[in-house]
Amino acid sequence: MPNHAKRASLLSVLFMGLGQLYNRQVIKGLILMLIGAVGLTASIMYLFENIQGLITLGDTPRVQIREPGKATIAIEGDNSIYMLVNGLVSLIALLLYVILYVLNIRDSYVVGKRRMNGLKVNTFEQTMHYVLDRHFAYLILFVPFIVALFLNILPLIFNISLAFTNYARPVLPPGNLLDWVGFETFKNLVTLKTWSRTFYGVFTWTIIWAVLSTATTFIGGILVAVLINQREIKLKRVWRTLLIIPFAIPNLVSLLVFRNMLNTEFGPINQYLSYFGLGQLPWLTDPTMARITVIGVNMWLGIPLIMILVSGILTTIPRDMYESAEVDGATKWQLFRHLTMPMVMFSTAPILIMQFAGNINNFNVIFLLTDGNPIVTGYQYAGATDLLVTWLYKLTLTNQQYNFSAVIGIIIFVMVATLSIYNYRKTRSYREDDIIQ
Amino acid sequence: MKPRVLLSYVIIILLVCMSVYPALWIVMSSFKVGNSLYSESLIPDALTLDHYKDLFTSKKHSYANWYGNTLFIATMSTIIGSFLTLLGSYAMARFRFYGRKQSLMVMLVLNMFPGFMAMIALFILLYQLDLLNNHWALILVYSSGAFVTNVFVAKGFYDTIPRSLDEAARIDGASHFTIFYRIILPLSTPMLTYISLVVFSGAWVDFIFARLILRSQDKITLAVGLYNMVNQRNSTEFTLFAAGAVLLSIPVFVLYFWLQKYLVEGLTAGASKG
């Protein structure tokens, strides 16, 4: 008996689908051959050129020709951004193609083996049935996978690779060519005086902001929940409903409203203050004051959610625990400190860490309230309340410093990733899941 | 009444005033005569509906158009985003297949990058490809974003549905499609409600990416339009903005109050179950 497995897999190595044809799986073989042919043509036509483009990022600059008496004519050269994108897409396509090729060889081998064992070869219909039954997960994952690949993963890789180029004004395609510069942008961020000053300033404020905004909303939320949950307080539901109103108003609206309410000259808050003869406060225009204001406004936004969560937890703490503690002579404060707090913290610790990570990236509050302003002299494209994430936005959109913004994105990633991984290792789905370990 | 209780009531009432005041102020401003930020008192002397009328009749802002755009974008994103999340999380939670662990890890890592790093990259790409000012670009980005951020919440939810349920159906000869459609889908309602709500309200109020992508007045969404209203002209159209903001908030406000239970459940699920 001939060695079907060996022959079929060798044929499949030679060209996609040949092994399947040898195994008399005609439709499957033809489909694979078609894919193979398309892949091969695409490789010959584009792949090498694109990957070479990814390495060089273009070598023909745009040329301006000025002839006397005529308008300037530009002859287009290479566009580094296109080349970068095409190169990345080609790499991903190549990867998928290689995976498919390996699967194709493996398939011919397995089917060949079955034939050698005297088993029948599946018809196309049976194959389809088998896929539906055994590989259902791949089938339903296909669409989400493609979407995530092209709309999340590819853009991210693209942006990360920008960190290693010199893509920043005045070097902008298509007028200029980009080059790979390695870790130079990272180095510049910490060594160039103007950049490092801004970076350390914004970085420190980001940390202070994340700690304070998380702590204030958490402590505030717990206190409000405990306050309402006291036995003697009537109409608990009414109070809670009124207090979660901030949670239900879209952030965009409430933040723009606050921005106007705190307007130094015309805002109602300052109007009341001057009415009582207290003068006008520079809520959003003085650096220190603006920082305090954003934290205050963030409390208004964040406390309701924590209050709802904690109220839910409070109802699950058994009443008799409090009663027996009271019998033993515990004061209200001791009850709160040694009974309520541990119970609440136990259930909300993961949310606390998530909120902290979220606050590092809290774009809306800063951008809508202050735009990152007031301006600080000596800062490179940043203001007093700018977080890393709003600075990143400004660097890209208003100042076209793409490489610096990509570096900052990577730094934020490292901060958030450290927290998330720590948090994720503690979650139930991590501990209980049988695959992820 | 004991002093402690009295003090508690005082604090609670003070807190209620603080949390209600901004909302009340914006609603009152939207009924105020004139267009300025400045007002004598919280409740204006004369009330008017002109600003609401202006929103829909004025030539300068095509508010009705913005509302339509936003509704279209938010609805499509919700449908596509929930669909992707449903499929992806179901596969991740129920099946054990080669590459599952790696996929989950990739998802986790994707979540750790600042959300709009990918957005900015997409912006550069769309800009270079001349595809800006297109609603579908936004819809695709919101949907894929919804998938990546919610897949763990949804997976956590599916992990809690006993697997014996599917196994029993398998023994009775049901195919995967039947199980998904007849058993899993009906059980997913709380999770689907949460995800649709989050995706819908996210798309409804997002202005960051919408502002990047949408360039012409007839294409922009409510959030972008409102942001421009107060940002560009230095608050000279404040009462108009107030009316617009009230109309923007109403759908989200109603949904949040109505579906509050699901929201809180979803948020805690995301945190404690991963």
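Glycine residues also receive a Cβ, built from the backbone N, Cα and C atoms like all the rest.
If one looks beyond the transmembrane segment (A:26-48) by at least 6 residues along the same chain, the residues whose Cβ comes under 8 Å of a Cβ in the stretch are 15-20, 86, 90, 93-94, 97, 100-101, 104, 124, 127. Residues or ranges marked as transmembrane segment by TrEMBL: A:26-48 (among others).
Using a Cβ-Cβ cut-off under 8 Å and counting only residues 6 or more beyond its ends in the same chain, the transmembrane segment (A:81-105) has close neighbours at 9, 12-13, 16-17, 19-20, 32, 35-36, 39, 42-43, 46-47, 50-51, 53-58, 149, 154, 157-158, 161, 165, 167, 173-174, 178. Marked as transmembrane segment by TrEMBL: A:81-105 (among others).
Annotation comment: TrEMBL describes A:136-164 (among others) as transmembrane segment.
The transmembrane segment annotation in TrEMBL covers A:202-226 (among others). For the transmembrane segment (A:202-226), the list of distant contacts is 243, 291, 294-295, 298-299, 301-307, 309-311, 314, 336, 340-341, 344, 348, 352, 355-356, 359-360, 362, 365, 379, 382, 384-389, 391, 411: same-chain residues at least six beyond its ends, Cβ to Cβ under 8 Å.
What TrEMBL lists as domain 'ABC transmembrane type-1' is A:203-423.
Through the fold, the transmembrane segment (A:238-258) approaches residues 224, 228, 297, 300-301, 303-305, 307-308, 311, 364-365, 368-369 of its own chain, all at least 6 residues removed from its boundaries and within a Cβ separation under 8 Å. Look at TrEMBL and you will find A:238-258 (among others) tagged as transmembrane segment.
The annotation transmembrane segment is assigned in TrEMBL to A:292-314 (among others).
According to TrEMBL, the transmembrane segment annotation covers A:335-357 (among others).
According to TrEMBL, the transmembrane segment annotation covers A:402-422 (among others).
Highlighted: of the candidate stretches A:136-164, A:335-357, A:402-422, A:335-357 has the greatest count of Cβ pairs under 8 Å to the transmembrane segment (A:292-314).
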